[in-house]
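Feature annotations, reproduced from Swiss-Prot:
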- Asp127: active site, proton acceptor (ACT_SITE)
- Gly11, Arg72, Tyr73, Gly102, Asp103, Gly104, Ser105: ATP binding site (BINDING)
- Arg21, Ala22, Val23, Val24, Arg25, Arg154, Gly185, Ala186, Asp187, Lys213, Lys214, His215: ADP binding site (BINDING)
- Asp103: Mg(2+) binding site (BINDING)
- Thr125, Ile126, Asp127, Arg162, Met169, Gly170, Arg171, Glu222, Arg244, His250, Ile251, Gln252, Arg253: substrate binding site (BINDING)
Amino acid sequence: MKRIAVLTSGGDAPGMNAAIRAVVRQAISEGMEVFGIYDGYAGMVAGEIHPLDAASVGDIISRGGTFLHSARYPEFAQLEGQLKGIEQLKKHGIEGVVVIGGDGSYHGAMRLTEHGFPAIGLPGTIDNDIVGTDFTIGFDTAVTTAMDAIDKIRDTSSSHRRTFVIEVMGRNAGDIALWAGIATGADEIIIPEAGFKMEDIVASIKAGYECGKKHNIIVLAEGVMSAAEFGQKLKEAGDTSDLRVTELGHIQRGGSPTARDRVLASRMGTHAVKLLKEGIGGVAVGIRNEKMVENPILGTAEEGALFSLTAEGKIVVNNPHKADIELSSLNKSLS
């Protein structure tokens, strides 16, 4: 394989630039030409395919977002869209593609491989909801951003003896809420994978203030409901505390990636090029126990929920490549 391309698709994630940089520099070291596909699959169909060199990716390892830009392009799920994209790949002599994104991006990579263009998927999403990898590119940065914001909110919450419901991102997965909640000593962590009773939370808030607590921090995954709706339900269930709600929003998708995300992205990008060099396609790169691994894209893109909660309070990880997480009481005070 002499000529490959790289694209980013779907929602952006800190560390994508580091992954692109690794792909480009490893490809050059392997004697390959590398092209950047701008604007994801939409750019592929439109022919926005341009050569990249070492200088193209200089000084981007510390930058958030993706300099190749990203876009959602549902039309690529249809055969017509796929054939248009393949026509452009052939026109530019592309023999393999590295796709950085989430599960929707993986479906596109799977289609490319089926049409004879080996594609490698790299898990680029802050949600950490990709099967077959312990961590995704961008997750660590998103958790760190959420942690920093929650720490600041705790300060003002304590000053005014307030209850805060803080909504974090994650789509249908509760990973960001779980990690950020534990890291900040949140009083409650509400995630889609675990049930909760509103009256129990109200009782916990009341008991906390009665014993002298100066604040109450509830970290809520967006996949459960919005912070505004959750706050309203708290009041309907009898909460009388001074309540505020905050949605952290897209701040979690931006910013300079952490060292962990930069290194993870660099390792994954390098590994992807080595696989393409060997003519391997149709796989997604992951990390398990700090080692690079590959999983079939088909299974990776089509698995269901990553973990669920048993009646005993144990989180069972449906993804066999993630370690079980033991929490004695997920929705009790962790502070």
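Numbers here mean position along the shown chain, with the first residue as 1.
Placement of Cβ uses the backbone N, Cα and C atoms for every residue, glycine included.
Fewest other C-beta atoms within 10 Å: among the binding-site residues Gly11, Gly102, Gly104, Gly185, that description fits Gly185. Separating the Cα atoms of Arg253 (substrate binding site) and Gly102 (ATP binding site) is a whole-number distance of 13 Å. Of all Cβ atoms in the shown protein chains, 19 besides its own fall within 10 Å of the Cβ of Arg253 (substrate binding site).
If you take the Cα of Thr125 (substrate binding site) and the Cα of Gly185 (ADP binding site), they are about 25 angstrom apart, rounded to a whole number.
Cβ-based neighbour count (10 Å, all protein chains) for Arg25 (ADP binding site) stands at 20. Long-range Cβ neighbours of Lys214 (ADP binding site) (same chain, at least 6 residues apart, Cβ-Cβ under 8 Å): Ser157, Ser158, Arg161. Using Cα positions, the member of the recorded positions Tyr73, Gly102, Asp103, Asp127, Ile251 nearest to Arg21 (ADP binding site) is identified as Gly102. It is Arg72, among the binding-site residues Val23, Arg72, Thr125, Met169, whose Cβ has the fewest other Cβ atoms within 10 Å in the structure shown. Ile251 (substrate binding site) is surrounded by 14 other CB atoms, counting those within 10 A of its CB over all protein chains shown. Val23 (ADP binding site) sits 28 Å from Arg171 (substrate binding site), counting Cα to Cα. DSSP gives Arg244 (substrate binding site) a strand state. Put plainly, the binding-site residues Arg171, Arg244 were compared by Cβ crowding within 10 Å, and the winner is Arg171. Arg72 (ATP binding site) sits 15 Å from Arg171 (substrate binding site), taking the Cα positions as reference.
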